[in-house]
Ligand SMILES: Cc1cc2nc3c(=O)[nH]c(=O)nc-3n(C[C@H](O)[C@H](O)[C@H](O)COP(=O)(O)O)c2cc1C
Ligand SMILES: CC(C)CC(=O)C(=O)O
């Protein structure tokens, strides 16, 4: 197996058709944001403590009541079948092998129930807010019945941003890959794009409800008992509102550089958000998590856990379920080592004093 996550990236780039690679790897606008979260994490150095008993490091934790083997989950990503024909089933099997949390995208290419049948770890379901609310409520009911443990509403995508690679490639979903869980009547335009258009962006323009506000969140809150997570929050102001509206966790995220160009890099936004919520809801950081040390840095900045995105798709493209399992194992092995060498025997031992800025 490969030794770092970047080895899987190389393999995935070699294996995948160019337009698919560009869809997975690409960003919005000038693509300036593809690197900013990485740069923000790289600016942080770790401040280790010595002579701490680390003979029995405990990386385990819990998110919204679900025990996890490490403060690590899989970010929601659409259409895993683009990377491997087994799609989300392969991802769920790999995540389940270690009990890792998998967030299933609203636009998963396998059925929610099929994914639940093979998953050994906790599952959350991510939603975009559609103009037609019934298909969304239908999905929520199905997720509740299938044992999903939380809903993740993505709030940084009232529309899908201009992504130049997809536009250049006229990106549309290949035949045979589709959103397996959403009423086909709502999945307009995903399989054909005129030159100079992205089918994904056009679909979102036709079907996403860009008029929703905090009031609608209250409407959603009333319709499900599942914990509610907002993904894509980047300011203390919105974090405060989220707490007031009864949100249980936030994913501090700039959507992997795929939405607002020139947004605050998520690691830079995290401390003000952690200060604002002061433990009233749990916090997850996503974007550019590529090494176990990034998990440690996120915890020091105030996160309870991180989500990893593209590396999971690299693992899928490399070797399906085995590749995803290897990506997760690599991150956990690296985190375990960082814990020992940082003098942090458990996840509570990470504080802001554990990092310095270069
Ligand atoms: C191919 C792809 C598809 C994605 N699909 C979704 C999605 O359906 N819903 C969502 O909330 N975020 C989606 N995201 C964003 C991820 O959840 C996550 O925020 C981002 O990928 C994290 O950055 P990383 O890839 O650098 O780890 C997607 C990202 C990628 C790369
Ligand atoms: C199908 C898209 C709406 C998902 C995606 O590409 C994204 O959220 O970045």
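Each Cβ is built from the backbone N, Cα and C atoms, and glycine gets one as well.
As given in TrEMBL:
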- 1-358: domain 'FMN hydroxy acid dehydrogenase' (DOMAIN)
- 76-78, 105, 126, 154, 231, 253, 258, 286-290, 309-310: FMN binding site (BINDING)
- 128, 163, 255: glyoxylate binding site (BINDING)
- 255: active site, proton acceptor (ACT_SITE)
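Overlay of TrEMBL annotations on the structure.
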residue	record	Cβ within 10 Å
76	FMN binding site	24
78	FMN binding site	20
126	FMN binding site	22
128	glyoxylate binding site	21
163	glyoxylate binding site	23
231	FMN binding site	25
255	glyoxylate binding site	25
287	FMN binding site	30
289	FMN binding site	27
309	FMN binding site	22
Work out how many Å separate residue 163 (glyoxylate binding site) and residue 258 (FMN binding site) at their Cα atoms, rounded off.
7
Among binding-site residues 76, 78, 258, 289, close to ligand 2 by Cβ (under 6 Å) are 78, 258
For residue 126 (FMN binding site): DSSP state (helix, strand, coil)
strand
In this predicted model, the domain 'FMN hydroxy acid dehydrogenase' (1-358) has a mean pLDDT of 96
How many Å separate the Cα atoms of residue 258 (FMN binding site) and residue 128 (glyoxylate binding site)?
15
Rounded distance in angstrom between the Cα atoms of residue 78 (FMN binding site) and residue 128 (glyoxylate binding site)
11
Quick one: pull the CA-CA distance for residue 309 (FMN binding site) versus residue 255 (glyoxylate binding site), whole Å only.
9
Give the number of CB atoms, excluding that of residue 258 (FMN binding site) itself, located within 10 Å of its CB.
23
For the recorded glyoxylate site, enumerate neighbouring residues of the same chain (Cβ within 8 Å of the Cβ centroid of 128, 163, 255, site residues themselves excluded), in sequence order.
28, 154, 156, 157, 160, 161, 204, 258, 259
